[in-house]
Amino acid sequence: DHYQASQEMKDVINMINIVCSIVFAFEAVVKISAFYPRAYFIGGEVPGLHPSMLSAGANRLDFLLVVISAVELFAAESSSLSVFRALRLSRLVQLAQRWPRLRKVSRALTTSFSESVYLFLLLLVFLFIYTVLGMQLFGSAGVQFMDPVRMSFMSLWQSAYTVFVIITGEGWSSMMDLTVQKTNGAACLYFISLFIVGQYIIINLFICILVDSLAAGIPSEDETAISVAPFIGSPTSSPGNRFAPTSPTQTHTPKNSASPCVGQSLHHQQIMGKTIQGSPHLSVTSATLPGTLPSPGSPKARHLHTAASHPLSPRSPPRAQLRCRSPGAISGASGQSLSFRDRLLELEYLQDKLMGADSDREEDKEDKKDNAGSGLRGAARRLVCHSYFEWVILGMILCNACFLAADTPWTQGDCFSQTCDTRSLILYISDLVFAALFSMETFLKIYAFGLKGYFSSGWNVLDFFVVTMSVVGMFFPILKVIRSLRTIRLVALVPTLKTTVMALLWAMPALGTVAVMLFFLWLVFAVLGVQMFMGRLWECQSPDQEILPLDMKDCHAPNVWTHPRWDFDNCLVALMSLTIIAYGEGWNDYMWAGIDSTAAGLQATPWASPIAGLYFVLFFVLGSFLALNLFAATLIDEFLSNTDEMSHLTASQKQFVSNLKIIITSSLPHVPKAPETEWRKALFKAVTSRWFDMLISGAIILNLLIMTVEHYQQAEIITTVLNGVNLFFVILFACEALLKIIALDPVQYIKILWNRFDFFLVVLSLVTLPFDGPGTSILRILRVFRLVGRFEGLRACVQTLLFALPSLINVFQLMILFFFIFGVTGVQVFGRINYEHPLHAAEFPSGLSSSNNFGDLYSSFILLFAISTTEGWVGVMEACQTTYPGCEVGDRCGSDFAVPYFFLFMVGSTCILLNAIITSVLSHFDTVMDPGLIPLNHLRTFWATVDP
């Protein structure tokens with residue numbers, strides 16, 4: 001259904017609705033007759049039926065929809081009940097319950113919804129309190145505005161919607177400014193407290209509940225952890241078992257690895273099978289490693305084997321990571337159910353311990369020798385497998401990226417058929433050269449490994465696709481933008497990028513499941529929105545872009561009866577409108593438009609349909625508070641439950657983090673000895689006491705707060721007072737350092753790291769005391785870092801950032817690559833748009849401009865970073881779509897390619913990459929805050945005391 005549909009289509013839709021209503025009514029009657037009313041409405045178990053068939057809640061909803069459909073059919077003149085047809089789509093979710101991953105996510109959502117009931121009640125109570133308080137404080141003062149932001153405290157409905165908009169953070173600062181101008185400065189306390197408590201406390205509790213629900217999800221029987229017995233072989237292994245060796249003499253099999261240069265045989269399974277079966281001292285069975293395996297020939301086992309060995313699968317753990325596991329992880333004494341990935345880690349650790357690293361190196365040498373071969377093909381293999389060859393390819397990709405960055409929208413594309421300027425000619429020749437070089441590399445690898453060997457690697461398939469598209473783009477200028485995909489090849493060559501992408505691929509199945517669930521939610525609300533608001537968001541617009549209070553029949557030329565680009569006139573447009581609302585960018589404009597809407601063809605009237613605003617509030621709660629946070633919760637759950645905090649690091653990065661943890665957790669703290677002199681002993685007790693430490697910490701905080709008093713064009717008396725206060729704190733901290741040096745003696749004082757930092761700041765403050773300027777103020781701010789050594793929570797945060805630094809660097813590298821690809825694409829597609837044209841500037845004043853555009857890569861980077869914060873991205877997207885008369889001259893028009901471009905960018909940047917940063921920090925924070933480390937810290941302090 002859509003707005004302005006033909007009468008024939010409406011008749012067809014009505015006929016289909018009647019047929020569907022009869023079918024669903026017949027279904028309900030059959031189910032009630034078969035299961036009896038009690039089992040249908042209350043629930044029960046029937047052998048041989050899927051649990052979703054007897055879901056009491058779903059059956060009750062189905063029966064309610066059948067009753068509403070029947071009432072709607074008999075009351076044909078009224079279409080107010082037609083909006084409930086959209087709820088029939090909830091049956092898709094019931095069918096999706098048969099998908100294990102969807103079942104897990106839906107189970108987690110159900111749990112989170114049940115746990116969120118009290119949170120919703122708390123939100124409602126909080127909303128009601130501030131609604132009534134706003135009416136009492138500002139309603140009597142006549143606080144009601146329509147421009148530049150809409151807000152009102154004149155009635156309960158108006159105040160409630162205004163409070164909810166403030167909680168979401170949309171335009172709340174402008175509302176506060178207008179209210180302060182209307183009343184007094186005390187209104188700031190109302191808005192600030194409402195925003196902080198609502199946005200940072202109540203709303204952020206949703207993601208905590210989601211993470212807890214996902215982490216506590218109990219896997220079903222077909223999702224239980226698997227055993228490793230068939231993978232290591234057993235005396236009873238069947239001859240057809242493809243996972244275990246069938247013959248002790250079998251030593252080599254065809255290779256299929258991520259890189260054809262190093263073949264990957266089944267020697268691991270063979271070694272494990274022969275060694276463990278033949279060892280009189282060790283027997284690893286399903287009893288040793290808890291869990292159960294599916295039968296070797298079952299689809300489940302084949303799926304797991306494929307997932308573990310696929311060259312692009314993140315489930316194939318690198319050897320360096322596998323050897324990091326301790327023997328305690330193998331014993332399985334805790335009895336906890338381990339994941340398939342953990343069991344592979346245990347197997348690799350057993351292999352390394354049983355066979356030793358020498359046998360592995362010998363096996364690798366044999367594999368390389370077999371791969372090298374002889375003759376011309378062998379020489380080609382040795383060439384492409386040489387480390388220098390990869391470095392050369394890496395350098396070529398980086399050089400190509402530099403040329404892509406130098407490209408502009410005005411670069412001439414074909415320099416053979418037309419005369420080009422020097423810049424365009426250089427870029428054109430470079431494009432031809434790089435296309436030829438990458439093609440030669442591809443053909444060389446295909447010749448070296450053969451078609452089957454080359455395409456057995458997923459990375460080679462990706463390279464072949466990129467090279468092919470680049471060559472095709474030379475002949476079809478419309479595919480010129482595909483050149484930016486060449487930089488994707490860096491993922492296969494740069495280890496830090498590769499490990500990060502592998503970690504994200506590990507979470508992709510779960511994120512895909514979440515995306516399916518969100519699509520169902522979006523589809524239900526889209527159909528519901530079309531039924532409620534199609535044709536109701538139109539308005540009469542004058543040539544000067546002013547809204548006129550006229551109905552469609554009275555809106556004559558030169559006025560235009562128009563509508564927003566994204567509304568609810570059809571389902572596809574409604575899906576995009578809901579996406580915009582979910583990201584929170586201008587969502588309140590949709591809500592106010594829905595509240596003011598009357599009927600199709602009629603002008604909007606303020607507060608004509610206040611109940612219609614509940615549709616947007618409900619979707620914002622489900623679509624933004626819960627749904628988008630579900631992406632972050634799923635990513636966090638996948639990282640914390642299926643991997644460890646270092647699984648997405650390279651070997652050198654793992655070694656760095658491990659060494660850093662050993663240094664921090666194993667080094668003994670210096671415990672100073674009390675002096676023998678009585679007066680120094682008393683001074684020692686004073687400067688090492690807790691009250692002295694709290695006094696200095698309070699002085700540091702007070703110094704920081706006093707520094708905030710400084711402002712531009714301040715009075716001379718304030719400057720004098722601040723200088724005097726700064727001198728007082730410098731003397732205070734100098735006296736503190738002097739007292740500690742006297743009490744501890746200089747040797748013991750300097751052994752403590754934080755004392756060295758304090759002494760450095762004191763000396764720096766004394767040296768810069770005669771000077772005044774921005775530099776000295778910055779040095780004073782450094783005093784706040786002294787608090788890190790005095791509070792355990794701050795130390796834990798600093799340690800977390802140190803441990804997460806390699807992970808953050810990896811994610812930032814991937815973000816730079818992601819922004820580069822979209823930046824180069826944006827320059828080629830949207831760089832020629834004439835945003836200075838009067839019609840374009842008048843329609844989208846907040847879109848493209850001289851400071852926000854795709855004119856070059858630098859401007860593109862800045863603009864993409866700005867919209868990655870979800871600020872103004874809708875205006876930029878609409879500006880990149882806009883066309884106007886005459887824009888065809890010089891190719892200055894926008895493109896509908898902007899919709900998928902910005903949609904993919906927003907999903908990739910906000911839902912995946914930014915959440916990956918949060919996940920990287922949280923994974924290490926969980927390790928740092930492990931309660932099991934508390935006894936170790938006490939032991940370190942005690943050991944340092946008894947054995948300094």
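Note that the numbers count up from 1, one per residue, in the order the chain is shown.
Cβ atoms are placed via backbone N, Cα and C, with glycine included.
Predicted automatically and left uncurated, TrEMBL annotations should be read as such.
The compositional bias 'Polar residues' annotation in TrEMBL covers 237-259.
Marked as domain 'Ion transport' by TrEMBL: 2-215 (among others).
Sequence annotations record features per position, and here TrEMBL assigns domain 'Ion transport' to 386-641 (among others).
Within the model, the domain 'Ion transport' (689-927) shows a mean pLDDT value of 84, rounded to a whole number. What TrEMBL records for 689-927 (among others) is domain 'Ion transport'.
Residues or ranges marked as region 'Disordered' by TrEMBL: 237-264 (among others).
Among the features that TrEMBL reports, region 'Disordered' is placed at 281-335 (among others).
Residues or ranges marked as transmembrane segment by TrEMBL: 63-87 (among others).
The transmembrane segment annotation in TrEMBL covers 108-133 (among others).
Outside the transmembrane segment (153-175), and at least 6 residues removed from its termini, the chain residues within Cβ reach (under 8 Å) are 127-128, 130-132, 134-135, 137-139, 142-145, 191, 194-195, 198-199, 202-203, 584, 586-588, 591, 595, 607, 610, 613, 617, 620, 624. Positions annotated as transmembrane segment by TrEMBL: 153-175 (among others).
Here TrEMBL flags 426-447 (among others) as transmembrane segment. Away from its own ends, the transmembrane segment (426-447) comes close to residues 260, 377, 380, 383-384, 393, 396, 399-400, 403, 406-407, 411-415, 420, 454, 460, 463-464, 466-467, 470-471, 474, 483, 486 of its chain (Cβ-Cβ under 8 Å, at least six residues beyond either end).
If you look up TrEMBL, you'll see 459-478 (among others) marked as transmembrane segment.
Here TrEMBL flags 514-534 (among others) as transmembrane segment.
As annotated by TrEMBL, transmembrane segment applies to 612-636 (among others).
The feature transmembrane segment is assigned by TrEMBL to 691-709 (among others). Proximity of distant same-chain residues to the transmembrane segment (691-709), defined by a Cβ-Cβ separation under 8 Å and at least 6 residues beyond the stretch ends, is recorded for 718, 722, 725-726, 729, 732-733, 736, 777, 780-781, 783-784, 786-787, 790-791.
Among the features that TrEMBL reports, transmembrane segment is placed at 721-739 (among others).
According to TrEMBL, the transmembrane segment annotation covers 759-779 (among others).
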